[in-house]
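A.B. asks: I grabbed these lines from TrEMBL:
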- 1-23: signal peptide (SIGNAL)
- 27-156: domain 'CAND6/7 N-terminal' (DOMAIN)
- 174-414: domain 'GOST seven transmembrane' (DOMAIN)
- 175-193: transmembrane segment (TRANSMEM)
- 205-221: transmembrane segment (TRANSMEM)
- 241-267: transmembrane segment (TRANSMEM)
- 279-298: transmembrane segment (TRANSMEM)
- 310-331: transmembrane segment (TRANSMEM)
- 359-381: transmembrane segment (TRANSMEM)
- 387-408: transmembrane segment (TRANSMEM)
Amino acid sequence: MAKSPFRLPFLLLLLGLLAVSSTAEIKSLKISSDNRPMILFEKFGFTHTGQVSISVKSVAVATSLAETDPSRLGFFLLSEESLLQVLLEIQQNPQFCVLDSHYIQRLFTFRDLSPPPQSSFSHSYPVTAPNEYSLFFANCAPETSVSMLVRTEVFNLDRDGSKDYLSAGLTQLPSLYFVFSLAYLAFLGLWIYAGITNKRSVHRIHLLMGGLLLMKALNLICAAEDKHYVKITGTPHGWDVLFYIFQFIRVVLLFTVIVLIGTGWSFLKPFLQEKEKKVLMIVIPLQVLANVASVVIGETGPFIKDWVTWNQVFLLVDIICCCAIIFPIVWSIRSLRETSKTDGKAARNLAKLTLFRQFYIVVIGYLYFTRIVVFALKTIAAYKYQWVSNAAEEIASLVFYMVMFYMFRPVERNEYFVLDEEEEEAAELALRDEEFEL
């Protein structure tokens, strides 16, 4: 039995749909000589007032065969629950065309196009069954490629009749991001106050940390405005550009601050060793690449041929960076352990080791939660509650920032570094223990 040409694409889409976030905005796309049997355009959570509007024009079909059946090319909607059913149909019948499935909501095929030279079609379709649907284009014609201009408009209608271009589970995001931006602005104010009241204890790392808070607040403000304009108009009105700029600066600053704190730069020593400089030289260029991948993923969508590749690049780079920033903390802990054997300051070294070990645990916990737990929430949460994963990520980030900034705040007598002669003997015993081995 011959293998179906649709089986592998559907298997890939089944895996890919787990990572695709529900998006919604007016998109104008150009498809050029594309012979893929399946193209995913949108993934969107509909209410009972949802609508899909599709316009195609300048359609050209090229085939090496004598003739192509236009009913074998078309657009359809597929719910998450029906995806497995359709995949099963394809596995059972190698020649099965997904456009013939009873589990899809077929919108139109190329048979409905106006005759050449216009070769265009435009229509709106109501979605009366609330659910999360994916908008696909299927090409069941063998040895056939398609070129066309596609404009998609996917939205829900509010009670007042206005259009909401955000998915049912993401419509709360503008308010969510705005609230967190206010929290970070207040945090920045407290950080500036702490620096002013303890000027003698302010180091260069504290200035970088303040810059990180500012970039995080601006990033969230731009995210809120971006989502707000997408929600009401379907386009971000340029706020997406500012969002990506501040996101890039914020992410680079975050990784840099974690690395510098982990090395003890400015706080414990005024210089970086060669291996620590190499970590920064690796992390910062990789973050540039990761942000390029993020822009491509966010601004194009799964319809481009290399979309899966860009997702893989982003994931790989993110994992490398997360691993790289851990090394300086481990190096500092080991260096402090070695120093504690010779400098005779057991209490001070025990305090430093305690601080850096706690920081190591906090960083690991933050990376684990934002990379693993948040992804799990996105995968298992019902489409109406997709905003929960965004809220969980922002809460975890805020808690991480608060703990990190509290640990390394500018104070004249940092409690972690206070020498207590009465505790010297106990500290020496603790340092001999393997408690601080990682």
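Cβ coordinates are placed from backbone N, Cα and C, and glycine is handled just like the others.
TrEMBL annotations: computationally assigned, not manually curated.
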A.B. asks: Near the transmembrane segment (279-298), which same-chain residues lie under 8 Å Cβ to Cβ, leaving out any that are not at least 6 residues past its ends?
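C.D. replies: For the transmembrane segment (279-298), the sequence-distant neighbours (Cβ-Cβ under 8 Å, at least 6 residues beyond its ends) are 240, 244, 247-248, 251-252, 255-256, 259, 272, 304, 307, 310-311, 313-314, 317-318, 320-321, 324-325, 327-328.
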A.B. asks: Could you pull out which residues elsewhere in the chain have a CB under 8 Å from any CB of the transmembrane segment (241-267), counting only those six or more residues past its ends?
C.D. replies: 203-206, 208-209, 211-212, 215-216, 218-219, 222-223, 225-226, 273, 276, 279-280, 283-284, 287-288, 290-291, 294-295, 298, 321, 324-329, 331-332, 356, 359, 363, 404, 408
A.B. asks: I'm checking region-level scores; what's the whole-number mean pLDDT for the domain 'CAND6/7 N-terminal' (27-156)?
C.D. replies: 89
A.B. asks: Could you give the number of helix, strand and coil residues in the domain 'CAND6/7 N-terminal' (27-156) as assigned by DSSP?
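C.D. replies: Once the DSSP states are binned, the domain 'CAND6/7 N-terminal' (27-156) shows 22 helix, 72 strand, 36 coil.
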